[in-house]
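Okay, structure first, notes after.
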Amino acid sequence: MVLIRVLANLLILQLSYAQKSSELVIGGDECNINEHRFLVALYDPDRFLCSGILLNEEWVLTAAHCDRRNIRIKLGMHSKTVPNEDEQTRVPKEKFFCLSSKNYTLWDKDIMLIRLDSPVSNSEHIAPLSLPSSPPSVGSVCRIMGWGRISPSKETYPDVPHCANINLLDYEVCLAAYPEFGLPATSKTLCAGILEGGKDTCVGDSGGPLICNGQFQGILSWGNDVCGYILQPALYTRVFDHLDWIQSIIAGNTDVTCPP
């Protein structure tokens, strides 16, 4: 899946790590066409960029680093080249960030809410994904998916989304994996992957979901440039910690502040 970096650190990150905004799931298989009705594709404006998650008929959640001026959002998409009959396209009406300056970091506030220009209708290939009702537990099996790169180091992208199962790891595993970034001792991000390597999100998967034990718990933020590398898991924005912010904005309270 896609490995995307935080805007504030883009220049540094591009030297050695890949942003997940354009990566595919490594070590996965083609997703069942009925498994990802909530998964949306973000284009800039005609080039595939990131994934996102449909929360209801007019709101999409994704990573802040996926923001571009001319985003187009495709819903109900499976194949990039063969459209579903119920596929729909929207553009943002409004975009909301945890910080108005969009100064997110590698460990904080890489989250963006998009209000669509018009509501979408549920259909065979379009349906929302519920927000989590409880926090995730370390050791959970988590589902990842996206149209990101499917080769660890080559520019190989699929026509359809790929899915894989990984594990939710202790945050300390990511602290040890990326000492050069000086990650804080605690964070509103989740650490997930396979310690032995082989399965991972990659470039192009950014903004996509981490679904643990059936609940939407994370948004892909960033990871190692060589996807699926041993002891190099990826980091995901923790959705549960941002519930009040998300729900308040959807309810119309746009003055709400992000969790500290």
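Backbone N, Cα and C atoms are what each Cβ position is placed from, and that goes for glycine too.
According to Swiss-Prot, the feature signal peptide maps to 1-18. Sequence annotations record features per position, and here Swiss-Prot assigns domain 'Peptidase S1' to 25-251. If you look up Swiss-Prot, you'll see Cys31-Cys163, Cys50-Cys66, Cys98-Cys258, Cys142-Cys212, Cys174-Cys191, Cys202-Cys227 marked as disulfide bond. The active site, charge relay system annotation in Swiss-Prot covers His65, Asp110, Ser206. The N-linked glycosylation site annotation in Swiss-Prot covers Asn103, and the record cites sequence analysis as its basis.
Here the Cα atom of Cys191 (disulfide bond) is found 14 Å from that of Ser206 (active site, charge relay system). Cα of Ser206 (active site, charge relay system) to Cα of Cys50 (disulfide bond): a distance of 5 Å. Mean pLDDT of the predicted structure over the domain 'Peptidase S1' (25-251): 95. Taking Cβ-Cβ distances under 8 Å and a sequence gap of 6 or more within the same chain, the neighbours of Cys31 (disulfide bond) are His78, Met145, Val160, Pro161, His162, Cys163. Highest local Cβ density among the disulfide-bonded residues Cys50, Cys66, Cys98 belongs to Cys50, counted as other Cβ atoms within 10 Å over all protein chains shown.
Between the alpha carbons (Cα) of Cys50 (disulfide bond) and Cys212 (disulfide bond) lies a span of roughly 20 Å.
The shortest Cα-Cα distance between Cys174 (disulfide bond) and any of the recorded positions His65, Cys212, Cys227 is the one to Cys227. The most crowded of the disulfide-bonded residues listed here (Cys202, Cys227) is Cys202, judged by how many other CB atoms sit within 10 Å of its own CB. Of Cys66, Cys142, Cys202, Cys212, Cys258, all annotated as disulfide-bonded residues, the residue with the shortest Cα distance to Asp110 (active site, charge relay system) is Cys66. With the fewest other C-beta atoms within 10 Å around its C-beta, Cys163 stands out among the disulfide-bonded residues Cys142, Cys163, Cys174, Cys191, Cys212. Distance noted between the C-alpha atoms of Cys202 (disulfide bond) and Cys66 (disulfide bond) is 14 Å. Spatially, by CA atoms, the recorded positions His65, Cys66, Cys98, Cys227, Cys258 include one closest to Cys142 (disulfide bond), and that is Cys227. Minimal Cβ crowding within 10 Å, among the active-site residues His65, Asp110, is found at His65. Cβ neighbours within 10 Å of Ser206 (active site, charge relay system), excluding its own Cβ and spanning all shown chains: 36.
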